[in-house]
2 protein chains.
Amino acid sequence: MGNADYECPRHVEIPPSKSFFKALKSSLKETFFPDDPFRQFKNQPTSRKLVLGLQHFVPIIEWAPRYTFDFFKSDLISGITIASLAVPQGISYANLANLPPIIGLYSSFVPPLVYAMLGSSKDLAVGTLAVASLLISSMLGKVVSPTENPKLYFQLALTSTFFAGAFQASLGFLRLGFVVDFLSHATIVGFMGGAATVVCLQQLKGVLGLIHFTHETDVISVMKSIFSQVHKWRWETAVLGCCFLFFLLLTRYFIGHLKKGLNPPSVSDLAFGSPYLSTAIKTGIVTGVIGLAVGPCVPQYLEGVAVGRSFAAFKNYHIDGNKEMIAFGMMNIAGSCTSCYLTGGPFSRTAVNFNAGCKTAVSNIVMATAVMFTLLFLTPLFHYTPLVVLSAIIMAAMLGLIDYEAVIHLWKVDKVDCIVCLGAYFGVVFGSVEIGLVIAVAVSLLRVLLFVARPRTFALGNIPNSSIYRSIDQYPVANNIPGVLILQIDAPIYFANANYLRERISRWIYEEEDKIKSCGQTSLHYVILDIGTVGSIDTSGITMLEEVQKNVDRKGLKLVIANPRSEVIKKLDKSKFIEKIGQEWIYLTVAEAVSACNFTLHTCKPNPGEIDGNRHDDSV
Amino acid sequence: MGNADYECPRHVEIPPSKSFFKALKSSLKETFFPDDPFRQFKNQPTSRKLVLGLQHFVPIIEWAPRYTFDFFKSDLISGITIASLAVPQGISYANLANLPPIIGLYSSFVPPLVYAMLGSSKDLAVGTLAVASLLISSMLGKVVSPTENPKLYFQLALTSTFFAGAFQASLGFLRLGFVVDFLSHATIVGFMGGAATVVCLQQLKGVLGLIHFTHETDVISVMKSIFSQVHKWRWETAVLGCCFLFFLLLTRYFIGHLKKGLNPPSVSDLAFGSPYLSTAIKTGIVTGVIGLAVGPCVPQYLEGVAVGRSFAAFKNYHIDGNKEMIAFGMMNIAGSCTSCYLTGGPFSRTAVNFNAGCKTAVSNIVMATAVMFTLLFLTPLFHYTPLVVLSAIIMAAMLGLIDYEAVIHLWKVDKVDCIVCLGAYFGVVFGSVEIGLVIAVAVSLLRVLLFVARPRTFALGNIPNSSIYRSIDQYPVANNIPGVLILQIDAPIYFANANYLRERISRWIYEEEDKIKSCGQTSLHYVILDIGTVGSIDTSGITMLEEVQKNVDRKGLKLVIANPRSEVIKKLDKSKFIEKIGQEWIYLTVAEAVSACNFTLHTCKPNPGEIDGNRHDDSV
């Protein structure tokens, strides 16, 4: 490898600083519009901009003219398939939410139509969500009893649906969709698995035909409740339930059973003046987030699930998370005005829709039409469905959500992710759904914070016959440079890790000194900090570097900086750190820094007095 | 720069995986023991270990034998200086906390003695804290009136001090001291400034001699309260107050002034059975964190303040934050049993101690002794101190805390830090101390989270006459490689930013394609991801990379990876991503990746069909 490096070391120039507003604008764009959604509007006449804008917010206008009969055939089949899921699941989940069964059917009629117009996913099937249903019943059930005051309970459920929609839509409008990203995949797997377990346990009430049952959701309360009434178990229902469950698991088809007629309007039922409004808002926000976390992420999971299958051609479309949230929000606001409770894109139904070969959101329209026929003509058929059947339907859907394979995969690839996932699971199962959610969010946040607070530092060595410097830990072949300690800091330096890094760097230095003492090597003269991986620094970070520099000076060593990034060097310059250290000690690459150190070491052994007048010999 | 790179491209080996427990142990050590506090215990006989352990937890045993008369002369002067601050400040702050003035004096006697034995800072002066006093009065005052039920109020203050101490000590024992790091320097500057402003505004009551005054702390309520009683202003007190304030600001020396006798024990006053226990615990935790945030950080500030002065010789010592927390906790637990309320290391007093030339914690012992004499013989002298004097003392101390120079510095160096600081300030001034604290913590956390959720990506170019690749944005001299897009991801890839990065990378690709189309350059064939700055990846991040790879394949391009880190490549291997992309497409450096691409481009123009059988020509 060339010695050209050593002959003409390149110093790092301080880039001209951008104006504050220019920097702010570019940083806001990166934060809120990373996907540049308005790209297509650029350089277009105003009329075209209007059409594009309408197509942007109501995607059906964009794709409807290109819709073909071939597409319709596929969508018809998948639409009818998901309708056959929607009717029994709708009834069962409404029952789980302690709402009248017919509400579940209403919820499979209006929202899918709204989504078909506003949504941009081609695979997502709209419907009620088991976990959100359970959350509604546990959160609202605390303030209003669904059996004693069903009218108020129903009104609160509608109101919370309204707020869920309003919250979802405003997240989308404000381009804050990324908050949902903070619920990691591992967390959702664990949380969903835990919720499915809890929902299944709750179904033991129906399966065993018990009348009195605990209102708690944790596994210990449920088990106590079940085993304290062994004498009341009705073996007939248990046997029937097990058979039916088995049948459902085998066939995924079924029997099904209410009042005729389409959704009545329910704007007047929105209880904004209720004393329980705060509970409704809280429930709305929690279920709204859950609805988003298991909703728009679905296509991402599907891509993960269907690895190796080649559906690139029709998968080749882009989903704008923020736009999806607006669609979900609108769908729920419209739903809350037409007697529907919270809907989203349930994983199981979307997977069925996808596997049944849906091509566009028309499959949702087909499903809504099928549900409409059910509402108009078939509801009396469902009237005598036994509770045990509803329980079995719920359990069949829930068992699919306990994704133990994903847990094994997590354990293999990333242990921490697996622990996060299990934490969320056990939080839900042994605590409550709310506790599980809080644990899931807290653990996810804690992981991010811990990650930020404890960045790694590496000692670098020279890869033989090259000017490349890499971590000695990763490449044992890399050689130490005598008299020089090269450290790489693996994260942005700022308040959350500045104290840690100060301690860690001083430990690196004294460990190196100890090693040198015990081996009798060339004593340490230079500490090179490779800050090429430091993307950002704040004032606490700069103070930390100043302290490290002072500390290094005090030991009679010299601090050298390699490869500072644009933002970092600007800030170091503004805070006068560059002046203190000397711009000649800032190099473009580690190799150049090392060669400069070696040059000084070999030609004129550094006299620390020359480097720093305040040097003290008491090395500690 | 040599062409050796191009001749022998180096592929990256997958390092052998460590056992789970070994990895866990090393990661726990890095998280909780970054400073390796037990280093000195290594390879020592058991008896020596015991002595070292005792010295570790009771540092006075370690330094007392080396204490000299010269040290004592310095410590005596600085100790008497801070005692002259401690007496009036103690009385004033106790008044601010709505506690009997004598409690403030008690609090300057026992805690400094405890700290002198257990603390490791040589400069820190122990005493009551203005902000914590204000917090105690506002948080406890909500549940118990200090005028109507002074006994219970006092008990709650002691109980909350106990919990503050217990919380501080347990943070230290559990090595969780880093949670305090999450209160950034900027946040503390803003919060302290805001609290100081609020405290000063509250003193207008005493300065203007008003009897009725608002209980709110925000600037609007205070101003309303003052200007609604203009006719009641007592100009005499105002003039006296202003004169006194002026005098104090000029001289920093003063007059000073209760019941004789040392601290009575107060263990029986700890109200663990009180119905307000939860308020006491909450107050304890909040004030405990405040006590830590403005306490053990002080030496760090001083180093910042005293830049350019050469006190390296006697500053050359290390403070273990976790050990300091244990010392603070013990000091407050001991204090709560001896009629003291919350103490910490107030900035103003520590700065005075430092400037008066203190050498060791003996200055705290001298101060405690001076306060003891005051308690035994001089308290009757203070009996007739007018309230206006106390107000003036508080204002004099508080004005020093409004650090507008730090705000200007923050604005110059880091705009975001400055906004965080002003946010905390205005939260305290226009809301309340609690709101300010919540805003400060929330903004600090939000900043960390946003930083993590929105990492930057850069396009790299070749620095002429070298094999170095750097950001084109930072080094405009860097050249694009025709047909190759080189991207650098500037952060760990995981759940919080995986969605963002997917969108941002696909935007980079289509922007590059648009540019190529408009300029008629060589069309794009390769996308090189330089992940040398990606320190870590989780399962969501791997899924993201898989999707990027699929997306790139679909466009007929080839994804190449450069410089993966040890942890990242292990996980990519476990999740089969390496298999999918082909290990021959993973290079040690960007230069090698580029040369491999160029080789293929120039010798055998890549037939995308060869690279990926499932390619589709519909580039989107």
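Note that Cβ sites are derived from N, Cα and C of the backbone, with glycine treated the same way.
Unlike curated entries, TrEMBL annotations are predicted automatically.
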TrEMBL annotation (transmembrane segment) - matching range among A:182-201, A:582-601: A:182-201
PLDDT averaged over every residue in the domain 'STAS' (A:474-597): 86
Stretch among A:99-118, A:182-201, A:325-344, A:416-446 sharing the most Cβ pairs under 8 Å with the transmembrane segment (A:156-176): A:325-344
Criterion met for the transmembrane segment (A:416-446) and the transmembrane segment (A:99-118) (at least three Cβ pairs under 8 Å): no
Within-chain partners of the transmembrane segment (A:182-201) [C-beta distance under 8 Å, separation at least 6 from its ends]: 96, 130-131, 134, 217-219, 222-223, 289, 293-294, 297, 347, 394-395, 398-399, 401-404, 406-407, 410, 414, 417-418, 420-429, 433, 436-437, 440-441, 443-445, 447-448
For the domain 'STAS' (A:474-597), the number of residues DSSP places in helix, strand and coil: 66 helix, 22 strand, 36 coil
